[in-house]
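Working notes for the structure below.
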Amino acid sequence: MTMHRENWAFIFGLIGNIISFAVFLSPIPTFYQIYKKKTSDGYQSLPYVVALLSAMLWIYYALVKKESALLLITINTFGIVVESAYLAIFLFYGSKKTRLSTIKLLLLLNVFGYGAMLLATLYLSKGSKRLAIIGWICLVFNISVFAAPLFIMRKVIKTRSVEYMPFTLSFFLTVNAVMWFFYGLLLRDYYIALPNTLGFLFGIVQMVLYMMYRNATPVVLENPGKLQELNGHIVDVVKVQDGARGGGAIGKV
């Protein structure tokens with residue numbers, strides 16, 4: 001029975017890997033625009049910094065867990081490589097101000113924040129207690145990331161426009177959340193299963209909103225903001241005005 005459950009967990013995790021692989025690659029059009037314009041000014045680095053931190057946390061969790069952790073290691077190793085490449089491009093084409101703000105974020109979250117967590121869990125806990133602490137950190141962090149679509153849902157309701165909430169992306173992110181939920185559930189790893197329950201619910205709400213407002217007449221706001229997707233999880237970013245280029249904010253990745 002245990003082997004049967006683990007086989008199903010592997011299947012769900014494998015499908016989750018495939019979908020997550022595509023989600024990690026979804027910002028490529030954005031970085032192609034950065035390459036064409038030879039500048040990353042007006043774009044936000046925060047989503048990629050946070051995505052890199054998320055992958056680093058799950059890699060650490062998987063290495064400490066050891067059992068049935070292969071699929072977590074494969075997708076998050078890929079995530080670390082891809083997000084690092086995105087940030088390298090971002091820094092290469094950024095102005096001094098953009099580079100400085102990105103480096104500050106990386107130092108705050110990925111170096112000092114992650115480093116403090118790493119040292120604390122290595123030296124102040126051990127065994128199952130260490131795994132539980134890391135698991136709770138990953139769970140809380142994932143819930144905060146899954147809550148990001150609240151911004152775009154609010155924007156959709158206010159503007160009556162689904163321009164920045166594509167149905168296809170919402171659909172595949174919902175399916176992805178289902179895959180990882182069952183992966184965690186079958187392995188009885190609730191640190192993985194629980195946050196993906198929230199991801200599934202938000203995905204359903206996004207698709208319902210899309211159906212409600214897809215043919216609605218958009219409402220123009222006085223100070224419209226652009227929206228950016230965080231590896232599929234969408235966050236609200238402030239539009240950056242640039243006189244030379246007529247407003248350079250990030251659009252859909």
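Glycine is treated like the rest: Cβ placed from N, Cα and C.
Annotation source TrEMBL lists transmembrane segment at 6-25, 46-63, 69-93, 105-125, 131-152, 164-186, 192-213.
Within the same chain, the transmembrane segment (6-25) packs against the transmembrane segment (164-186): three or more Cβ pairs sit under 8 Å, each pair at least 6 residues apart. Recorded stretches compared: 46-63, 69-93, 105-125, 164-186; the one with the most Cβ pairs under 8 Å to the transmembrane segment (131-152) is 46-63. Counting Cβ pairs under 8 Å to the transmembrane segment (69-93), the top-ranked stretch among 46-63, 105-125, 164-186 is 46-63.
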